[in-house]
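Chemist: TrEMBL feature annotations, pasted as is:
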{"type": "REGION", "residues": "154-205", "note": "region 'Disordered'"}
{"type": "COMPBIAS", "residues": "154-164", "note": "compositional bias 'Basic and acidic residues'"}
{"type": "REGION", "residues": "220-318", "note": "region 'Disordered'"}
{"type": "COMPBIAS", "residues": "220-237", "note": "compositional bias 'Basic and acidic residues'"}
{"type": "COMPBIAS", "residues": "248-265", "note": "compositional bias 'Polar residues'"}
{"type": "COMPBIAS", "residues": "280-292", "note": "compositional bias 'Basic and acidic residues'"}
{"type": "COMPBIAS", "residues": "293-303", "note": "compositional bias 'Acidic residues'"}
{"type": "DOMAIN", "residues": "613-626", "note": "domain 'SRP54-type proteins GTP-binding'"}
Amino acid sequence: MLDFFTIFSKGGLVLWCFQGVRGPAATAPVNALIRSVLLQERGGNNSFTHEALTLKYKLDNQFELVFVVGFQKILTLTYVDKLIDDVHKEFRDKYRNEFQQKGALGLLNGTFDFKDDFMRLLRDAEESSKVRAPTVMKTFEQSQKSQKTVKCMIETRGEKPKEKVKNKKNKGSKKDGTEAVAAPSKASAGDKQLSAAGDKEELTKDEILQKNREEFFRRHMKAGEKSRSPKPDAQKEKGKKPRVWDLGNSNAKVLDYSNSATNGSAEACPVEEFDPDMALGDKNREPGRLYDLEYESDDEAEEEKAVQNPSKPSVKKGGLGGMFGMLKGLVGSKSLTREDMDPVLEKMKDHLIAKNVAAEIAVQLCESVAKKLEGKVMGTFTTVTSTVKQALQEALVQILQPQRRVDVLRDVMDAQRHRRPYVITFCGVNGVGKSTNLAKISFWLIENGFSVLIAACDTFRAGAVEQLRTHTRRLNALHPPESHGGRTMVQLYEKGYGKDAAGIAMEAISYARNQGFDVVLVDTAGRMQDNAPLMTALAKLIAVNAPDLVLFVGEALVGNEAVDQLVKFNKALADHSMAQTPRLIDGIVLTKFDTIDDKVGAAISMTYITSKPIVFVGTGQTYCDLRSLNAKAVVAALMKA
């Protein structure tokens, strides 16, 4: 039973609607479909799930129409696809003249009496699903197994299968005719041996087995003597020598932090004197500003070359060749079909996969572009390739644009007005750079005038607390208390190793509230998405402490793995959460972005699969190497040939 069927224009005007069951109107699920799929360019699948409903839709790009059918997701309705195709064809053919002649006024002033036609199509679709003949199982006589004889299934030791003999015969016939003649003679000899063995056994099975073993060892001993190489005269020196690093320190006491006075307490770390240029990198930057990613596209490079060489004459093709070359591939005011777009979309899909976009996401993106363009009327001087490329670029920019803007500085100031600290939790797999990028974000917050408390909740990895302690010393050296009116801008709260991470985070938040810290950054242990105990501990930490922002730290180096990580992290947080409405990932920190050149597909994969924004982008090793995502720059890098 259908819940509803609605037809509306892409401008938002409802033309006709059918309500199948009594209940709330179809406004909420249709609005969710428009907001989450149509506006976000996620039309790769023709179905969408909203609460207890499954929505299937179809686009008519020629007349800018959308057909949507909704039904309970627990039902299996096999006729829905046929119904939506039939309704689309019937409605378009019935009101084609009205759409073509009146255009937008036809949608506003038109009357669409479609109920009788819809009920007829619905009955036909239901009847067609009922009269489908059930599948009949094959009998044994119809199967391939019944054609086999007992003789062809008998295998004797030392005999080669017949398929291999035939293959060798075919290969021999290409090389030399004599080998082709020898192959059937060997096969006939094998058949004679098989028949002789079947008639009479001269040796017992144990004797045959022993004889074959002796023959096997004899052949391999001869081959081993031929291939055995003489022993080298000079032997390698036994034992290992310690490696001496050029810039290393031979004094091991420098690396011993076991007796540190700050371990297990919330006291500020001692200030360390070091060269600030090494930690900052860019001297001409504006303090506290988060710059956008920059990337030079091919069009900008060509414009710069044209400006640099204005006196260079352009090379023109002569006569008819130039004219036909210009008109080659042009399509004159025609509707795009799937056959026209398939070759271009296949190349686009391979290009996206080569740029590190997950294969599944690349297929869905190309399918979404195909549905968006199918039936659309092209301009006179427009090629299929340029049209598809332009639509794909627009879709990629729309995907990277966040549905909800995450403004950390504004949210921190709002938390200040409520006299509480703003809490950010970092999570992710092992080795992606959580602690390093946490230090970069700390430096950015300090330069904007906010005090930071770092909670060392990675009580599992050896050296995790010492790493944060080093970052704290260096951040305090860059921003000493004397520059902030005697106020320590960053402190480390740690309780050592082997403790409960959720408890340490709770104590750190309470300590920050009492001491007047503005932001609490919670560092968690790296964990694989399949590790159930560690994922349970992370879900507990988030559920107990209710942070304001949960950031997933992911590498820009990964492709298909990015999708698996994010999906399983979100699923684990939902499954192991104790709350009725579980808290999931709010945003993404994309690290190691400077190591990938133009293979920026991980950004597309992560935002497409979660619809979450990329809040920060890590681009280097210094504290200033933190950027905000520029969607157009990423798409320019992605579309570069």
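Start at 1 and count along the chain as shown; that gives each residue its number.
Placed from the backbone N, Cα and C atoms, the Cβ positions cover glycine too.
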Chemist: Give the nonlocal contacts of the domain 'SRP54-type proteins GTP-binding' (613-626) in its own chain as ranges (CB under 8 Å, at least six residues past its ends).
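Modeler: Distant contacts of the domain 'SRP54-type proteins GTP-binding' (613-626): 278-282, 285, 290, 293, 400, 402-406, 408, 433, 436-437, 439-441, 443-444, 475, 478, 549, 551, 587-594, 603, 606-607.
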Chemist: How many of the residues that make up the domain 'SRP54-type proteins GTP-binding' (613-626) does DSSP mark as helix, as strand and as coil?
Modeler: 0 helix, 6 strand, 8 coil
Chemist: Mean pLDDT, the domain 'SRP54-type proteins GTP-binding' (613-626)?
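Modeler: The answer is 89, the mean pLDDT of the model over that range.
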